Structure formats: C-alpha cells, structure tokens
C-alpha cells in the first residue's frame, strides 16, 4: 500500500502503534529526549503511512511530537516557508 494514499484510518497502520508513545513526544533537549526523537524518526522513515501522517500534522498544525518523521521545529519551519503565520512558542 503506498504511503501517500493508505486508505481507511491511516493511524491504525502506523508502525508507531506498537511502540512506546513517549518516544514520539520527547520533552526538552536532554540526551534521553534527543535519543527518543531519533528513535521515533527512525521508525517513521520505515512506516507505510509516513507521508500521510506528516501531511496530517502539517494540515492540523500539530504543535507537539514527531509526526511523519518530522519534529515540532521541522514542521514549524515547513509551515513558515509556506507563509503560514504561527504563534511563537515560549
């Protein structure tokens, strides 16, 4: 099944469903948080729904976590390049 059109509820097809959800929502910039983010991204890059997941996060302005292999900062950068005005994060 292609990752750009998975059909049905794409969330049920994500490889992250069998992983610890904390890896997708690392807090801070500690070595442990950075390792969790790297792990999440590695799983995402193998996932059959990575593209649709990332699009969903961008379309819904998802403010936290790793979605479709993209961190919060990476998604914010993409949205800014698209001309989307976002509130600053404290």
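Placement of Cβ uses the backbone N, Cα and C atoms for every residue, glycine included.
Features of the protein shown, as given by TrEMBL:
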BINDING   16, 44, 47, 53  [4Fe-4S] cluster binding site
DOMAIN    15-77  domain '4Fe-4S Wbl-type'
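In sequence order, 14, 15, 40, 43, 49, 50, 66, 67, 68, 69 are the same-chain residues whose CB sits within 8 A of the CB centroid of 16, 44, 47, 53, the residues recorded for [4Fe-4S] cluster being left out. Listed in sequence order, the residues of the same chain lying 6 or more apart from residue 53 ([4Fe-4S] cluster binding site) and placing their CB within less than 8 Å of its CB are 10, 11, 14, 44, 47, 67, 68. Each residue of the domain '4Fe-4S Wbl-type' (15-77) gets a DSSP state, and the totals for helix, strand and coil are 40 helix, 2 strand, 21 coil.
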